[in-house]
């Protein structure tokens, strides 16, 4: 028995050790995404988009005369798995990394990439502090929570709401946005009549809605994610409660309307970077058509699209720097990349690695369940 | 006061689902002393199978809402019951004579397997039931809003619980299940085929869990592959609250847990809701170490 | 088989000690993760394996330790490794306080209570209890540990820190196992009534096992905080407790070598299965079932007669 176990351990060691670097005839770009776990749908969308983009780029000749190879690692949507995924990517000869979705997950990987100076472009991580630590090789195509907080407060003001209920879900992202908006709303004289968090992953939010209704707000600002937003809208309709809802950018997902039902989703406002199809760039339209053709569905969300932008920017950085040297890529992205035509609009980075410019728009769901860009 | 009663009905609707799932835990535990951690995932399979059958067979179009859903429920319950029996055969039967915690680990492994199998089969995205087949009427009773579907769900779960209770208490097979739960050796000597009792329990528990999954899918609309974990945990808590192994206990525990959650959210804090529920559970167990309806068992000497 | 044992141990230890020389950073970091979970599981093994107390909330003690270390380090600039004894103490005392009113509960009731404690701790951390835990963001900016003037930052350096702790733990726990205390725990697990009857203060020993196991989790928490430099509540969720529970039972409750071996499998296999991408956890779940079915007593069952310690007491309530 003991021999068998020893053999097993040895086999395990060999197998983990068996991953060796191949010859460098390709340019490898890493993708860190939640392929399993709660955010698996986002991660799998990220993978599909980046792989399609790589395929297209390779058809055009790749970069620096070499083909691009995407190396994907599963971060499981949790920090510990992410730190292992990051360590693994650093040993697989990638020249840069795209990802990942959640802020705390990205945070667990930042120091690891920084240690070996790998450029990292996060796609869904909006927490402010990620770019406040002075990492030279960290970028993100996602906007920051403070920008969105400002946008939320301004939108509520413009729509003329005075009594606001704020509901978040106690995730790092949603709490940050809720706090940001809460402070700004109070500054501009709005009354915040409710501030609490629901537990994500449940099905029945009627207890919370009943309590919310008791606070009698003009508008409910929900800063959490689309699965809960959809259920809240659906159950709100069942209650015959007619209060308008405003959601944060994590509610921007095609499944929101499916979950809520068209009738319940109608009139829902949300903030988001522009949808690809609301951009007039031929790139975005063409890409969406290709995506639909290849996978027979639409990308799950803007966040997966932002991973695609991360990939394109990374390729542009490598091409622009004419090198796979990380310092040169980072320098190019910081200084020379200006108004790069991304799928989600023009992309430039500031000195911290944040995306420049106003990214947020206000959307409203119409009777058909379409997301319609609002002019406010 | 109106809000209080509203929250009470909210809690009862959630609790009814917990209770149905808790029955599966408690029945298996009663006979095998096994915590079947994969039970929550069987519930999820009920929801997914329900969606697939609903959309592919278009039962409600052909048979009308009431009959269609009834046929659908029977099919889902049957399929999930078979799944439960397969699970028992593959993951638990080989461990019957082993340390009981080994079976728990096997159950956890099975849970991971089932969950990820579902993800690979259906994809990781949320699946959504069509929302145009349900009656959307909302009843207004003394100022309380009661959507018709909610009322139907509570009625259906109570009906199933009563049926199960009568079955266990009044039939010969029910008596055999009770006997096997009290003392397997003695039951065997009395000519009860304990293996068949175990099989039966692994058919009935998952069938109820599958029905709960279908109800969640029909009413809440949104399902995903990880939802069994949350519901399973709640239902397990409910089963313990009522006294695990005790069938009326699971019903009481489920309904009570739903109400505690709703009232905790309403009057203390939404964010602390689950912590409050666990705290109440712990306090109850300190006072009644075997749950509300669990029997006080004297230690054998 | 018996006489070959010391030799095998020496070879394995030497191999492990030399591992960072021929493994890359990722592989070393997998070993670090295994070491960390090994430490946690050895602590849990005292409670669950040696004393037979069903604890599925071990992550709570892990969290208390990690947060104690992080708070002391970021607020009071205490070097992170100096907080080791304090975070161990904090976690141990916390465990004593919560276990005291519930430790007499029968198996599965204790199981749900410990799950509940784990969830309450996590929810408290998420809700920024005492305004000190940073809510869902957690605590960041934890300083790198320093040992003998060397700043530990690379996985290779952490490897020696973590596995040094594991080695120390093994030596300590082996001695403990052979002591009066260890025997009392085993007696308790095998037959509580008889143990009480022969004059063992069962409540005392149960609490002691809880306190000691939790203290170990607390210290492992410090190492985790030092390694990650950022901690947040999601690192201490129910799933972590479940993983630890699986490690101890799979290893063969009560067997130190078995538990470490199981840590290798439970933490190592999902890494090994990365080649399966989205299917990796599916394969992992299947492997867990298969391993339990073929080794129902655990990989290396605890020594002790023909009567298995915690057999399925079927039909006896």
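We number each residue from 1, going along the chain as drawn.
Placement of Cβ uses the backbone N, Cα and C atoms for every residue, glycine included.
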Fill in: Per TrEMBL record, range annotated transmembrane segment [choices C:158-176, C:177-195]
C:158-176
Worksheet item: Given the ranges C:276-294, C:295-313, which one is assigned the annotation transmembrane segment in TrEMBL?
Response: C:276-294
Item to complete: For the transmembrane segment (C:158-176) and the transmembrane segment (C:276-294), check the count of CB pairs under 8 Å (sequence separation 6 or more) and say whether it reaches 3 or more.
Response: no
Discussion item. With Cβ-Cβ distances below 8 Å as the criterion, list the same-chain residues six or more beyond the ends of the transmembrane segment (C:207-230) that contact it, or say none.
Written reply: 32, 36, 39-40, 42-47, 50-51, 53, 55, 58, 61-70, 73, 80-81, 83-85, 87-96, 99-100, 103, 138-145, 152, 158, 161-162, 165, 169, 181, 185
Fill in: Any contact, the transmembrane segment (C:35-68) to the transmembrane segment (C:276-294), with at least 3 Cβ pairs under 8 A
no
